[in-house]
Amino acid sequence: WGAKGHGLTSMKNMEKELLCPVCQEMYKQPLVLPCTHNVCQACAREVLGQQGYIGHGGDPSSEPTSPASTPSTRSPRLSRRTLPKPDRLDRLLKSGFGTYPGRKRGALHPQVIMFPCPACQGDVELGERGLAGLFRNLTLERVVERYRQSVSVGGAILCQLCKPPPLEATKGCTECRATFCNECFKLFHPWGTQKAQHEPTLPTLSFRPKGLMCPDHKEEVTHYCKTCQRLVCQLCRVRRTHSGHKITPVLSAYQALKDKLTKSLTYILGNQDTVQTQICELEETVRHTEVSGQQAKEEVSQLVRGLGAVLEEKRASLLQAIEECQQERLARLSAQIQEHRSLLDGSGLVGYAQEVLKETDQPCFVQAAKQLHNRIARATEALQTFRPAASSSFRHCQLDVGREMKLLTELNFLRVPEAPVIDTQRTFAYDQIFLCWRLPPHSPPAWHYTVEFRRTDVPAQPGPTRWQRREEVRGTSALLENPDTGSVYVLRVRGCNKAGYGEYSEDVHLHTPPAPVLHFFLDGRWGASRERLAISKDQRAVRSVPGLPLLLAADRLLTGCHLSVDVVLGDVAVTQGRSYWACAVDPASYLVKVGVGLESKLQESFQGAPDVISPRYDPDSGHDSGAEDATVEASPPFAFLTIGMGKILLGSGANAGAGLTGRDGPAASCTVPLPPRLGICLDYERGRVSFLDAVSFRGLLECPLDCSGPVCPAFCFIGGGAIQLQEPVGTKPERKVTIGGFAKLD
């Protein structure tokens, strides 16, 4: 009983999974939409009717054709009547050949019916046949029926053919689609008729076909098309619609999907503690959201009230200024009015002047009239040049609040910065990792950034991926010091402001050099011709200017000439360990050799004549220190990579230039495009030199090298060319140096 009670509880708890999203009632003859959601057939028809589709089609087998649906056969006492066949119009409507908006008779391209799914809020395409092309979800119908039985335990199913009061049903008939008591079943299935062949079933409220039928061909589905993700019948398989599709038997699809569902369900049931913990966490998040939302409301209200207080204070101040100006003007105008009133006949100044004029004593008159005359003169002048003492306009008190109104209109919540964009042109790894980024154009500003990085070539540790962080990075670039050599780092960055942290940028992967970076400068004391070579002031770039011998060699009338080989060395010598450095070669260089060699052999070669005959002469053949007398296994004293006209020469030419001789003979010559930067990796103990693409760290060539003494970086020029050493990241200057028209590369 405990298990049974638990099962009933589970059935009752899943009621919301059995509700139609349209009518919010239990599913009745649910149809499976192409988006995998379900909807009642009647609801689907109603939705399509509201959209203006008429005759969208449906499943004819789903229409009620039971005796209980015919009023003339409601009671076994009534005479039996044959069921009328649906007319031609009904058959056309149910088969999906109706008309709908935009459809014309004989149209070559009929309109495709679109159904607004109420679950995913998207429009799904039903095809030309509309609902007639959809499958019924019989499994969902069975689940709904079991649910109805579980919530109404003890409720009997009544006979649909008895007259009131009906008896309890004891049988059901799938063909008749009705439930019967014993008496009614015998009455509607008389002996000796075709209905007597109907097989009785248990009484039910929902009748379904025995199996899924293809809506196009009315055949039982036997296969599953993985391409279309749709059940198909035998006829569908041979049709052109599924030509070339991956089709499997329905048993295989059933077993595979059942295994996946069982595995997922087992995982969920086995992690109920985790589910409960996450529910508690979500409930706690809900509580925090309510509290934080209330706090945010109070903060906004307080800020708006603060703005209101500032505006009110400013309003009072401005009104006070206007009031003071108004009182001052009124006082001046009042005084002017009083002065003019004193000029009226018989009052004020005029009356006094009239009385003074009556004085006959001349000395006394002169004494009194002198001051009076001045006042009368001023009054006369005021009458002649009348002007109000103050203006009545207050235009100077007008406010321009356009900017403030715009600011208030645009007043909005702070937004976090958008995901930064990594500048891949300026981001690279050398002795250190230099990461550069920028914010999108319309992104809110960031106060600072957080840079996260980790190695991807280390064994994964259990648990979440751990990132190393560089917090509160100012600016739009960061320097990561002391990275591990020969590793792959993944980096990302995000911005932060008062609103919080924004989204992470896309991950960028950087390869670090395979060995520690060797820092050196170019040394022009050995083999460098001041006439043809120009070394930059910082001694990290060199340009070779072609001279007259090369111009003469280009003359086709000449059969031979002298060519100059100019060599520049690095100012360091390697005597142990592994070292790496990189350089950029100008793609317009005529012929350049980049590599290493024994310091003693290089210096010996400079003491001899540097000019050789033939413009096709390989300068390395004179630097192999008697390689003709050496054995095949002896390592050459030089190792160079040949570059010319934007190409790298590999194979026999490269091997010969590097002093390589193999037992199997030289490989066939080939060329590869010149990368933006070349990398040279020297392993002194192993006596090997590797040439790499310094951007992707793809290997180009590996050569043996005689490391019996100090080894120096070397660069050879034949004709015009330019080389720029890659500068260390930590001391990279923010400037460009131009040497003879060749700009240094960043």
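A Cβ is built for glycine as well, from the same backbone N, Cα and C atoms used for every other residue.
Nobody curates TrEMBL annotations by hand; they come from automatic prediction.
Note that this is a predicted model, so its numbers are computed, not measured.
If you look up TrEMBL, you'll see 60-76 marked as compositional bias 'Low complexity'. What TrEMBL records for 617-626 is compositional bias 'Basic and acidic residues'. The domain 'B box-type' feature in TrEMBL is assigned to 209-250. The domain 'COS' annotation in TrEMBL covers 357-414. According to TrEMBL, the feature domain 'Fibronectin type-III' maps to 416-515. Residues or ranges marked as domain 'B30.2/SPRY' by TrEMBL: 500-734. Annotation comment: TrEMBL describes 54-85, 610-630 as region 'Disordered'.
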Inset, instruction - Could you tell me how many residues in the domain 'Fibronectin type-III' (416-515) are helical, how many are strand and how many are coil under DSSP? - result: 0 helix, 44 strand, 56 coil
Inset, instruction - Would you report the average pLDDT that the model assigns to the domain 'B30.2/SPRY' (500-734)? - result: 76
Inset, instruction - On the DSSP side of things, how many residues of the domain 'B box-type' (209-250) fall into helix, strand and coil, could you say? - result: 9 helix, 11 strand, 22 coil
